[in-house]
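Below: one structure, written as structure tokens.
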Amino acid sequence: MGTIHLFRKSQRSLVGKLTHEFRLVAADRRSWKILLFGAINLICIGFLLMWCSSTNSIALTAYTYLTIFDLFSLITCLISYWVMVKKPSPVYSFGFERFEVLAVFASTVLAQLGALFILKESAERFLEQPEIHTGRLLVGTFVALFFNLFTMLSVRNKPFAYVSEAASTSWLQEHVADLSRSICGIIPGLSSIFLPRMNPFVLIDIAGALALCITYMLIEINNYYAVDTASAIAIALMTFGTMYPMSVYSGKVLLQTTPPHVFGQLDKLLREVSTLDGVLEVRNEHFWTLGFGTLAGSVHVRIRRDANEQMVLAHVTNRLYTLVSTLTVQIFKDDWIRPTLSSVPIANNMLNLSDHHVITMPSLKAADNLNPVTSTPAKPSSPPPEFSFNTPGKNVNPVILLNTQTRPYGLGLNHGSTPYSSVLNQGFGIPGMGATQGFRTGFTNVPSRYGTNTRGQSRP
């Protein structure tokens, strides 16, 4: 039978959780303005959809989708306020900033799907063009234009403002920029208005309204109904071209990639860290975008054995914190004691052992209290370190040196040749470990698995 919980906390449903989070956001006065714009947006969308049905205009429908996108942007702004008031939890230790990235990505992808739907409907209308009624066409155009511009310019939407600046320019922005340069070449006084990078949302709102005005005039003058379908295709293409760079940028953030524009700055900071006093090596560095304008990273630093860990950690954090706001640094001390010798089979290509000298390791003091990987005192209950830098481990085969090599002194070496029989009978090893065949040779293969010694026993 399972455990009986007398005072078990009741689990909230999904609707209850959403209601609780919505109340948390609504408690902030700054969100009241967004909620008001959202209510007006829903009313405006309802009227526009009715006018789209009465006019039978697919171009007005495509333009209405931009108003629906404004509703998504307002929801994204609410999520941004929710992220500000929420604190990191054990499940989301980095905070909830990725939720607003996900909201931007979802909004732009939905806008592109709406543009694809308009393209599909327009292709069907080219085969059989219906009659377009212009009664509410111009009214719907100006209502949608006014509300879109009023929403974009009145509400400070931090996520979309950042994405529109950081993402690559759309083809519509590039063409408008070329046209602006030509106009400013004739009238230099307009350079302060046209030359800066235009807001892509304002640009597509104005371009879509201009296309609908041209549609209205051509239908009123010549009853040319096909221009409505052409305008719908143009608005859909502009929508897709405007949203695509933003979805790509937010998608890269979700994939935890490093922004290309910070490569040079990160490389410079890592070079400065590698020159700090006590630092021997910087490796396993990984940096990624946690949210819009927030960079996170982790780095492993190998230091000298006599270096102060806290001092090095403070210097490394101080250097990288100027660019990386969320940083994890792991400090490892240098490992200079080699692991214990282990028995290995004699290679077939070693014909005469008398031509070699076997180096025996000096006696290890307090071998039981040393970690064989990092050679630092470790408690019996402490787990092995996660990483080691350029450390072969316990399973590295011994090395046999030739007679022609220089013999080091003061290490307890046996000078002179060792008979073949004594090598096989006596064996070499660490005191207290038993007599084993402990030759250091570079001819046998080094086991590729870390954590298992050559005796077939797994390391704890």
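Please read every residue number as a count from 1 along the shown chain.
Using N, Cα and C of the backbone, Cβ positions are placed for all residues, glycine too.
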So that I know how the record lays things out, could you check whether Glu97 and Tyr225 fall in the same topological domain in Swiss-Prot, i.e. on the same side of the membrane?
no
Cβ contacts the transmembrane segment (99-119)/the transmembrane segment (65-85), at least three under 8 Å, sequence gap 6 or more:
yes
Going along the chain, which residues at least six beyond the ends of the topological domain 'Cytoplasmic' (156-200) come within the CB cut-off of under 8 Å?
73-74, 76-77, 79-80, 100-101, 103-104, 207, 238, 241-242, 244-246, 248-250, 292-293
Tally of residues which DSSP labels helix, strand or coil - the topological domain 'Extracellular' (120-134)
8 helix, 0 strand, 7 coil
